[in-house]
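**Q** In case it's useful when we look at the structure, here is the feature table from TrEMBL:
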COILED    312-339  coiled coil
COMPBIAS  129-139  compositional bias 'Polar residues'
COMPBIAS  144-153  compositional bias 'Basic and acidic residues'
DOMAIN    345-407  domain 'Ig-like'
DOMAIN    421-515  domain 'Ig-like'
DOMAIN    529-584  domain 'Ig-like'
DOMAIN    614-708  domain 'Ig-like'
DOMAIN    717-813  domain 'Fibronectin type-III'
DOMAIN    815-910  domain 'Fibronectin type-III'
DOMAIN    914-1002  domain 'Ig-like'
DOMAIN    1011-1106  domain 'Fibronectin type-III'
DOMAIN    1124-1212  domain 'Ig-like'
REGION    99-153  region 'Disordered'
């Protein structure tokens, strides 16, 4: 069995899965290594694989393997392995079995040669001088013969032997070997050793790393070795070896594990505890440094120092590689447009990667972290013309990787960064109010599952501690903070924070207060009856003691004490007169008690003869306050009245005019038994209150008794409370008492508050608050709240009032700072200040300015409304009065503390001497170029406002050329487009009455200079020419700083500069070329620049050849003069009147003849009706709108020094034709 190994050095970040090929019947092992020991899933054709005789799945730590036994044709499918959010796909292909020769099958020698690994001849010798055993050498040498891996595999790639993972101790050596068969290769393959993702180790060669390679001509095998010398702890990690040759490519991943130094001493301790002590140390790995990046950014003078520091010995190779790195990348022949260096997309969105290829028919491959991508629902490939697209839908964090697009050997790489959107808090925290010792849960909901949140209490982050005080729970999008067994110290503000928001909540912890749900009531019983005192409290674990008249009650045969849950009972059977008294129940651990009275009712029955008149036996008859029976609304009212009479009397109950007989009428029931009449009202209501009369009658007479019943209830809810003011973390709330107090006086109020967006109300007080104005504290600034109120009387608590208007606790700002007087006059004052240092969460609404007279407390607002500016002018103030001013900042919480002046201010104009504050840059001559803008701002002082006057050279300025603007504090002189004539001395004067101040500014407007004058060639000798010239007439209103001299060969007239910024007005031009004739020109230069035009030399300078005198041949000068002669004559024409006409001819003659036109032998040269043109010997006479009188003989005469010539023509001007509709004149009719 020859297994195929599929290794993932860092499964979640880097994978190198490749399709493997195997023969039918063989066994294949795929291995995957994860970063952490996690559970993985193996898939076959997108379906889970379960362990069976066919598939064997095993896991050991972070190494996972899948074994496929007895491979068949149907196993050639796609496989995948999933760990967490990472998924890697691979395939298994079936290869047809080759027919083997029988001799080779039985021959033992080839089999041995095939299975026995070749001895590494090139392995370096083990280092000597170490007492410890040396582990250096190849990886395969480190294993026993029987356990060595079969590195010579029947691979479909280029490798014949792949480098294997290995382990080494710190300071020891190790060698990794890779072999490639060169029989089928046309050229030597190129090999790259890579660590991690991208680090090419060729650039790291040096003291600790050496790369070697050699070629065996007999076996035609290339051997590549990577020697790691004196390994360090930071050498550990994932490595990759890549081999490429033309269109073939193969790679192999392997790992290096570096162990720490082993202890060389022998322990003498032994016993049961031996080996339990841990003496391990932490290895702090230094961060990897890219030396090439350092070299690229360093100057060349530092190369040798950096090479020595990082152990680079091959300086020449280093410089060659650095030169290649600095070269610009050649343009790709396969890609017209490559991928961008990086892309960014938000999680859940889609992104489209685009390249343009040169060949529209080219096929591209897309890879992710070196793994080929196949089209799925999330990965979509598109091809439009020469454009190729990769679309990734619904991006997740697993898509954050490196993507490559390849065409043959060319590729383009990019990085895709998946950005997580900010996590928002969907449901905020709720305020909590609990009792001491209870458990509290703060719960919030965020916008994404698995989001990270931070919990804080009063600004301090909460963490899990050893006491498990705080527990953090996640359930999807819900995050819960659990606090067990809360105490008073847990009170405070809790906050949950995400990268997209935060939420606050307050925890209030109250001491446990025992609440009385049912109080014990007074009892009135008769002899032999049973008396039951019952009360109910809030805590079922609370015990208590019963007292009678201050003496503890002990249970006996007639007295029973019971405690069931929250109910405590004292039962007295067979009541006797001595049982009458005050009974009290005292809960243990609480400083209060419940009391009630037991009244003994003694019924005396006297013997009466028959026909005894009826008698009502009541102790509480009448309508006094003491005889009033109170009943709580909703409770049952039961009146049991003892009666006597013989015969048995009839009973009638009445309330006002309404009578109740012995029957049941809804809630009211009347019963009569022997010796008793009972009146019952179920669920007493407010209208049941009143005086009830019971009338008993029999033949012997009647008796009447009145019973006053008062129904009491909880009060009506108060009206909605009003918020009077708010503070930084508090507010003042006020409300009105309820309209109906329930028949009992209101003993106080209970207030609650809640956040506006919350549903949970927090109680602010447990004891009734007697006032109707309350200051609520411990609120969060900037959070909107609502308030409501309960009214409490002796019966209970009313329903809640309507919620108040929402309000936000904000504190007034701090006082404005820096209040001072900016200016003052007889009736006004100018104040300015700075904003408050603390503004708070509410916006600043404005400032209020007030003033009062000194010694008065009446502050008068200076303005009817607030001002937003930090400077104001207060007008209409009394002249000569001493006034005090103050400023307050306002926000929704109200005014801040006032900022006041240190002392009162007298309202009176302050005289100030005029003074000009000339800026420092204007104390020197201001130089400007022609056309530039001049803007002079000159501040001054003086009160009252001084008069400002500008002059130039002692003359007033022309307002058409110069703009002047004056204010109270400065004057501005503005010239939009300066000219040379604007140069001069400008003087500004400020004057108040007879006091004045002056300042002057010199302005110099400069321009380009004119050309130099009279450039002459003074002398020519050898290859030198002496030149001389005069300075320009116009120096541009500034000093000439130099000259630029240029020369030009007369043949080409290409100008070359000889001198620049030459100071003198004469120079010698040297190094001229023999046989050339030169022209010269000179430019003048000043601070503005070169003169627009040069001064050109009138004479040229010819550099003669030495030793040869040129004798020009003598020629007879040719006479080119020629008498004028017309080459094209004037042509007679007939034209129509009113239309321009032209007469043309051509003439030749040297020198150019003078042309004169004649009409009827009259010179017409200066007449406006005619226009003459001459162009290259072509002569034209234009006659503008001729009339019949312009007809005649026209003549053209050409004259020069050699003679003259004349030519003429005849011009006829015809009248316009008249239309047929026009009537002829009468004389024409008569002639006809």
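Every residue, even glycine, has its Cβ placed from backbone N, Cα and C.
Since the structure is predicted, the reported quantities are computational estimates derived from the model, not experimental observations.
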**Q** Going through 421-515, 717-813, 914-1002, 1124-1212 one by one, which has the most CB pairs that fall under 8 Å from the domain 'Fibronectin type-III' (1011-1106)?
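**A** Counting Cβ pairs under 8 Å, the winner is 914-1002.
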**Q** Could you give me the DSSP helix, strand and coil counts for the domain 'Ig-like' (914-1002)?
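**A** Secondary-structure composition of the domain 'Ig-like' (914-1002): 6 helix, 52 strand, 31 coil.
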**Q** Can you say which of 717-813, 815-910, 1124-1212 has the most Cβ pairs under 8 Å with the domain 'Ig-like' (421-515)?
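**A** Stretch with the highest Cβ contact count: 717-813.
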**Q** What are the DSSP helix, strand and coil residue counts for the domain 'Ig-like' (1124-1212)?
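**A** Across the domain 'Ig-like' (1124-1212), the residues distribute as 3 helix, 58 strand, 28 coil.
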**Q** What counts of helix, strand and coil residues does DSSP assign across the domain 'Fibronectin type-III' (815-910)?
**A** 0 helix, 45 strand, 51 coil
**Q** Roughly where does the domain 'Ig-like' (614-708) sit in mean pLDDT, to the nearest integer?
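**A** Its mean pLDDT is 78.
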**Q** For the domain 'Ig-like' (345-407), how many residues does DSSP put in helix, in strand and in coil?
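**A** Final tally across the stretch: 3 helix, 34 strand, 26 coil.
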